[in-house]
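Reviewing the structure listed below.
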Amino acid sequence: MTATLPEVEDRGRANTARPRPPRRHRLSNLDAKVSPYLFVAPFFVLFGAIGLFPLLYTAYVSLFDWEVGDDEPAFIGLENFRTLVADDQFWNALFNTFSIFLLSSAPQVVVAVVIAALLNANLRARTGWRMGVLLPYVASLVALTIIFGNLFGPQYGLVNDVLGLVGIEPIDWQASTFGSHVAIASMVNWRWTGYNALIILAAMQAIPRDVYEAAVVDGASALRQFFSITLPMLKPTLIFVIVTSTIGGLQIFTEPKLFEPAGGSGGGTEHQYQTVVLYLYQSAFQGLDLGYASAIAWVLFLIVIAVAGLNFLITRRAVR
Amino acid sequence: MTNRRPSFLVYGLLGAFVLGSAFPFYWSYLVASRDNSVLTGDFTLIPGGNFIANASRVFDSIPFWKALGNSFIVSGTVTLSVVLLSTLAGFAFAKLRFRGRGVLFLFVVATLAVPTQLGIIPLYMAMAEFGWAGELEAVIVPNLVTAFGVFWMRQYLVDAIPDELVEAARMDGCSLWRTFWHVALPAARPAAAMLGVFTFMQSWNDFLWPLVVLNADNPTLQVALEKLQSGYYVDYSLVLAGTTLATIPVLIVFLVLGRQIVAGVMQGAVKG
């Protein structure tokens with residue numbers, strides 16, 4: 001009574017020539033038919049209620065002039081989107097988001113590859129080193145951001161003190177656009193470089209050994225092996241790392257939110273480090289303009305999907 | 001790629017990286033152990049003796065123990081639920097045959113890339129409607145099962161349980177639920193443990209949604225830390241005493257389970 005349908009991957013792997021159970025009770029028949037659906041139902045119900053429905057409803061809210069507490073919000077069509085396109089603060093937030101993303105993804109991948117290569121050596125206390133590298137990943141993001149806010153303090157921060165030792169004038173990490181982006185990007189880098197290094201390390205170890213043995217026979221140096229064998233074979237993993245950091249990076253919120261002292265959500269006095277999700281948060285929960293914030297959410301949603309889709313296409317090409 | 005031991009240079013570089021990784025934790029303790037007035041300009045790497053004093057100021061400023069308890073309740077409940085419901089769904093996708101299985105599983109995988117976080121506005125409206133704003137339910141219920149969990153458990157169970165075993169249990173007249181409970185759940189234990197650790201850490205560190213829906217009287221630890229920092233004058237020896245206290249439980253978990261966490265990250269890379 002089962003198995004009437006096309007299977008996914010493991011078609012015919014097992015149950016092919018097995019005799020059917022001799023007795024079939026109606027109850028156990030029902031069990032076999034219904035239970036699988038009950039087992040997967042919690043995910044679909046919850047995703048529908050908490051994931052899908054709110055996303056769709058966001059699109060609906062974005063068509064209204066909807067303030068917190070409004071009983072009868074006014075339908076205004078695409079007005080919120082028109083305002084958004086002409087909103088300098090939105091474009092500024094989009095610029096900041098991409099700027100912070102680029103500053104955090106590019107150096108991170110390069111350093112992660114180097115660390116992975118080092119970890120791939122025949123180390124003593126291998127697991128200890130791996131744990132050490134992963135330490136930042138378990139840190140609480142909120143605690144970490146507050147600590148980095150202190151390190152990058154404009155007046156008495158440690159970073160400026162150290163720069164002062166080599167004769168560099170103190171930088172106002174809060175006030176300058178580029179400086180604040182660097183500070184926020186370093187939080188992201190500090191947290192994720194080791195994690196990505198372990199992912200890349202796992203991919204390195206999956207490269208078959210005989211490829212290297214052949215290279216050694218041909219007299220290739222260690223450096224040459226790295227650039228001609230290791231790096232090309234890591235490409236799919238590298239792109240996976242980049243794709244996942246894209247989806248997360250475009251939604252960055254905690255770091256810019258907490259980098260501003262005194263609980264503000266403006267992303268600095270001139271919004272110099274306000275990101276899109278921070279602007280969304282400010283519009284919805286401080287400006288109380290749910291309609292406009294929903295328009296921001298939807299535009300960002302489309303951008304994330306578009307960028308992730310683009311990455312997916314690149315991945316497919318790269319894997320082939 | 002030979003079996004030679006690497007040179008000191010390799011150890012030196014890695015050592016520098018690990019030191020850099022650990023440094024912010026130490027810095028947090030360093031500032032927390034000193035007097036705020038010492039913070040002007042001259043820095044040393046030797047801790048002072050004020051940590052206890054600063055920590056007790058933390059307890060006076062925010063409901064720290066309540067926040068800690070809340071974080072444990074939220075992360076504990078979410079972890080149990082995610083592990084159980086993901087294993088259940090993962091078992092169905094891996095080992096049971098039913099109409100639409102392929103399409104449904106594809107749907108689960110596709111949702112991995114959907115930024116559901118962007119639906120927080122209607123979600124907030126719904127929670128206000130239910131009267132859950134400010135309550136722990138609001139941060140627990142939306143996270144009871146995840147696409148990642150279902151995907152992770154399915155990938156593991158496909159190879160971990162022989163089809164013959166499921167079939168044999170059926171022949172013996174076991175219901176599918178009992179098969180799940182007595183066959184699938186024990187077999188899933190290693191992957192379930194890893195999923196549990198990751199879910200716990202993720203839930204523990206969750207910030208945007210709890211910040212939106214909880215308030216200063218009934219916060220999770222992360223929300224409480226934010227409140228500590230959001231005064232007009234930031235007293236860093238106080239705030240970093242808070243971050244140090246909040247980091248201690250996570251560090252303990254890491255020291256105990258670090259080996260498994262490392263293995264989990266590396267396996268996830270190969271499987272995913």
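Cβ coordinates are placed from backbone N, Cα and C, and glycine is handled just like the others.
If you look up TrEMBL, you'll see B:68-257 marked as domain 'ABC transmembrane type-1'.
Annotation comment: TrEMBL describes B:7-27 (among others) as transmembrane segment.
According to TrEMBL, the transmembrane segment annotation covers B:72-94 (among others).
For the transmembrane segment (B:103-127), same-chain residues at least 6 beyond its ends with a Cβ under 8 Å from one of its own Cβ atoms are 89, 93, 133, 138, 142, 147-148, 150-151, 154, 208-209, 212-213. For B:103-127 (among others), the entry in TrEMBL reads transmembrane segment.
Sequence annotations record features per position, and here TrEMBL assigns transmembrane segment to B:139-158 (among others).
Annotation comment: TrEMBL describes B:179-201 (among others) as transmembrane segment. With a threshold of 8 Å between CB atoms, the same-chain residues lying at least 6 positions outside the transmembrane segment (B:179-201) that come near it are 75-76, 78-79, 82-83, 86-88, 90-91, 95, 146, 149, 152-153, 156-157, 160-161, 165-166, 169-170, 250, 253, 257, 260-261, 263-264, 267.
Note on the transmembrane segment (B:236-257): residues 25, 27-29, 31-32, 34-36, 39, 50-51, 54-55, 57-58, 61-62, 64, 68, 197, 200-201, 204, 221-222, 224-225, 228-229 of its chain, located 6 or more positions outside it, place their CB under 8 angstroms from a CB of the stretch. Here TrEMBL flags B:236-257 (among others) as transmembrane segment.
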Residues from the same chain, set at least six apart from the ends of the transmembrane segment (B:72-94), whose C-beta lies under 8 A from its own: 101, 104-105, 108, 136, 139-140, 143-146, 149-158, 161, 180, 184-185, 188, 192, 195-196, 199-200, 203-204, 220
